[in-house]
Ligand SMILES: O=P(O)(O)OC[C@H]1O[C@H](OP(=O)(O)OP(=O)(O)O)[C@H](O)[C@@H]1O
Ligand SMILES: O=c1cc[nH]c(=O)[nH]1
Ligand SMILES: [Mg+2]
């Protein structure tokens, strides 16, 4: 699959397996998601541009490289995206943050928007959209549709788990948006849940089951 990056690093795979466990507590589920998000950020930000700056070490003046965190926007799809956002911000604390509130209509599985708040000057920014689950792909497509109206420089989509159906739907609608995920699972069930999956990510992060 073109433009799909499965992050198969052993640390990522190990933590994902712990998160799948039915008996993982809310506390450990949330902590593991934060750790996974930090590890995935490493791959997702690999191609970010750097600029040279002068830096004075205790011994001499030299040239170092820094990235411009302010040009990067993490867009969290509420509510479950918050779990990934926190981990990513701990690695890139200078990033700006946007929020899109979306929920899935349980009958139609279409995405319903209830909130949208972005930083200014989006046409100058590189966006990383985060949501733990890419199931039907309806939420991801709705989020990217909205963000493209603002004309950003680039958009990436980061999730923890994807279904083949969601990957196909997002790629068909937005082939220019690379997808980063820790795994692509087998299929969706009749309620749009990912199998084998990890259940309802939002409920598991916030303990609302
Ligand atoms: O690919 P899709 O079929 O659109 O499903 C994925 C969406 O479902 C979940 O959110 P949910 O609607 O349960 O909202 P929540 O985060 O508030 O629990 C998940 O966090 C994604 O946003
Ligand atoms: O398996 C799924 C599918 C959508 N949303 C979730 O939280 N889990
Ligand atoms: Mg949910």
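Each Cβ is built from the backbone N, Cα and C atoms, and glycine gets one as well.
Of the residues 23, 200, TrEMBL places 200 in the same 5-phospho-alpha-D-ribose 1-diphosphate site as 79, 104, 131, 132, 133, 134, 135, 136, 137, 138, 139. What surrounds the uracil site, by Cβ distance within 8 Å of the Cβ centroid and not counting 194, 199, 200, 201, is the set 132, 133, 161, 193, 197, 198, 202, 203, 204 from the same chain. Here the C-alpha separation of residue 199 (uracil binding site) and residue 139 (5-phospho-alpha-D-ribose 1-diphosphate binding site) works out to 17 Å. Residues from the binding-site residues list (131, 137, 201) with a C-beta closer than 6 Å to any atom of ligand 2: 201. Around the Cβ of residue 199 (uracil binding site), a 10 Å sphere holds 17 further Cβ atoms from the protein chains shown.
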